[in-house]
Amino acid sequence: MSGCLQILTVLLCCRFWALVFSQDQSCCVHHAADIPRCRDACEQLASIRSESRLRHLLHRLPSYCPETLSELWICINNSLPGASRKSDGWVGLGCCELAISAECRRDCKQASSKNDISKVCKKDTENPLYSCITKNEMGSVCCSYAGRHTTCREYCQAIFRTDSSPTVSQISAVKEYCQSVSPPLILCVENYTRLHPTHRPIDSLHCCDRAEEAHCQLACKRILRTLSTEQEIMDGLISECGSQPLPQDPLWQCFLGSAHPPANTDPESPPIAKMDSAKLHCCFKANTSICRNMCVEISTSWGTQSWQEFDQHCEYNPVEMDLITCLADVREPCQLGCKELSYCTNFNNRPTELFRSCNVQSDQGALNDFKLWSNGSIRMPLMNIPVLDIRRCRPEMWKTVACALQIKPCYSRSRGSVICRSDCVEILRQCGDRRRFAEAQTPERICDLLSPTDDPERCIPLNRYLTASELESSVEEVIHPCNPNPCPSSHLCHVNRKGCHVGHDCLPYYCVPGCKLGEASEFLVPADARLQVPVHSAQPGCYEVCVCGQSGRLENCAEMPCFDTSKSCQIAGQRRSHGSSFRVDCNPCSCFAGDAVCSSRQCVRSDSSEEDRRLFTGLPCGCADHFVPVCAGNGRTYPSACVARCVGFTDSQFVFGSCRSFDPCSPNPCQRNQRCVPRRQVCLTDLSEFPCPQYECVSRPSSCDQKLLDPVCDTDNMEHANLCVLNLRGKTLAYSGHCQDACRRPREVCAHNGESYSTVCEAFSERVAVDYQGRCHAVGLESEFGSDSGCNAVPCPPLASDACQPVTPPGACCPVCAGMLRILWNKAQMNIFAKLNRDQPVSLHDILKILRLHVSVPQCDIFGYLSINSEIIILIAPVDQQPTPLQIEACSKEAEKIDSLINSGSPTLVSHVPLSAFLSSELQLSSVRSSSCVSISVCVLLLLCSLILTLTSDL
């Protein structure tokens, strides 16, 4: 533990390292010589001058240099002036040993305030720690009134120094020595003692009934009646009951709960009702009225009712899977990657799998669960399951169960955390103590209630985690900069895709301030985001749109028109409820408040003749696959006038030619003192209500923030820190991002949206992927049944990797290695969002900008376009020119994650405007052939060499 403490001290004080340790490599030479990887990493750190890069690599140093190298860490620690300069006066320092998890304990000892531990020390699992800190904080306030009167201060501090409630003699002593010194101190102490009345041991007698063994229950009651101090009582219970105080043990849970200060029941000052809009989103997914009503009550009036009752009635109710999964998304969103667990080691090194809770706390929780179950009983909200000694009966299987329920792997169609039924039945048949089973209780009946499915996409298959991952290498083909979250508790972590200032190093992530989705919510959204949240009345179908303000609160809320969720859709004689998805022929559809919203794909009828199938183009209205492009008023290029008319545009709403072939600033529509700048966009709202301008008028700025990094490249291939600087210098934008040598000269490409771009950089800048080299000249495939004659003359580029089975996007000619989503959306909702945003149209760029934040792996990026059938097509593809199979798999998993969030209506995604208008999604993935690399060790070796060369060139 001391080694970990030294490591943490180093990480907290990395800015001092640059001043001192960089001049002295003796720590590396003398104490890391036997571990080459550690010595190399240590020496690299010693030579770095960039503080940002130093900080990033320092955070990774423990993965190269284990904490067992205590002399190394002591040496490093001693090289840091100020390493021990934490605030010794922090009142919580004396509480740190009460922390349950080792990581929380370490952070607590290095903290300067409660804010420093909020990310690692969770209030729901570290109750004793936070109760102690709260008590010490109150003591610090009260005793500060003593001023320089040391005797008064000492008697005051004695009241707050122990876990016990203050005794009568302690209170009398404070009054005697402090009454004349400071009446405010007396008043403060009286307020504290009124909130924390003296707790008698016999007040906790009811907790004894929570013990599982009869002899423990009797001993508990005897101890509480005969012993007085809390230490004596705790020692006696540990001795008599034979178990340590684990937080999952119902007996100890009860004692901890009894120690908490009672709620303020003063009728004159009722608690302020706090709202959790994120959880309230989920309440409308409940299938039973009792769970819906309980969910609404605890989401709109936080603190008026415990979640325990809700958990008992709803948490393990199979019919409430949608509700429970939604709440799990809000509490613990699924994230890619898992590593650095010390107990659940088989879950490590899984960079392309999704987990809800891969962290030190859950790792410790799994260990505690296993210890608790070793007592012979598994306590669940609905039942107790008697088991044999699991330390002898399938211990590895039980360890995997404990880890799976704590680490919580996520799967595509259900992100709930239940093990598969067959695993449940197997382990209870072998290790269930049938002599103690309740009447009519069998392994099958237990598992029908707790693990009702064997669908591998809806449950956790234990065999996957009974052995270690095959990816044992630490080489970072796929990294997760934001997992675990490195940012403060009030900030969100975003992947850094902007890069660094020229000549500087930077971290692979950046932190942005956020807002909670309600006073009681833990769910954060980024500043300036527009959110759709339920109204306070919690009436189904009634929402308001708010903005996350700079104050950290939701502001400027405007109510949306309510929609009737009780209305159903009548389709082909069948009734479809609001929010349900279905198909009509080949078209995906969704019912929204009584209206069926469907895509407009062209379908081949089952009774079509061979001639009809031969002539079928897959284009709207059976249009010919001739490429004579027209530019519609929504900013989208369509392959022909026939297609544009068929999808709803009049002849006055389109012109012949592709949209990028026109200069929106000619003639100049701006005022004399303004400059016209092209700003091409594809709008998703009605043109009759919300015009879709392709330019903006900007005034030449007088000055710009050079430190604000959002790089852009001009037509002279000169890079500027941001668009403001480019406009200040009077340059013309070529594309966003750093200038690339590969795009220095024009080389036309055709993108998936049917537009031709001068360079691939221009296409990527508009977040659209490339179909083939050269100017667009063909109508791509719109249907698997359609003719591909238009693509016959197109030379497709080679696939990025021979290892992938590619997908072909709608309207494209060439396949790509990517995960693809085809999203159905509600135009009426888009129009409402535009109306509430000062009549600003909603664009495809707005969609892509938000979705991009949900892609957590830097090796993958998002691209998208509007198909001619008005579906939003999203591609999540590797950014490397020659991606590894693991990177392709990671991109597919990112697409799978977003697809699942859309189809489940998870508030983690659809609370963001305009993503709230999403109805459903169809997923296609690029599968990966495992034979792409002859040997994992060879692949790892090649990648390691590449990494070393890259690091060497950077340094």
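Placement of Cβ uses the backbone N, Cα and C atoms for every residue, glycine included.
Of the listed cysteines Cys603, Cys642, Cys646, Cys659, Swiss-Prot assigns the disulfide bond with Cys631 to Cys659. Scoring each of the disulfide-bonded residues (Cys621, Cys646) by how many neighbouring Cβ atoms lie within 10 Å, the top position goes to Cys646. According to DSSP, Cys724 (disulfide bond) is assigned to a helical segment.
Cα of Asn375 (N-linked glycosylation site) to Cα of Cys646 (disulfide bond): a distance of 70 Å. Checked against Cys739 (disulfide bond) by C-alpha proximity, the recorded positions Asn191, Cys621, Cys659, Cys704, Cys724 yield Cys724 as the nearest. Residue counts for the domain 'Kazal-like 3' (742-778) under DSSP, helix first, then strand, then coil, are 8 helix, 9 strand, 20 coil. Measuring Cα to Cα from Cys642 (disulfide bond), the recorded positions that fall within 10 Å are Cys621, out of Asn191, Asn287, Cys621, Cys631, Cys713. With respect to their backbone Cα atoms, Cys623 (disulfide bond) and Cys724 (disulfide bond) stand 45 Å from each other. Take the Cα of Asn191 (N-linked glycosylation site) and measure to each of the disulfide-bonded residues Cys631, Cys646, Cys724: the nearest one is Cys724. Note on the repeat 'Knot 2' (95-132): DSSP counts are 23 helix, 0 strand, 15 coil.
Annotation note: Cys642 (disulfide bond) sits in a helical segment as assigned by DSSP. According to DSSP, the domain 'Kazal-like 2' (686-741) comprises 7 helix, 13 strand, 36 coil.
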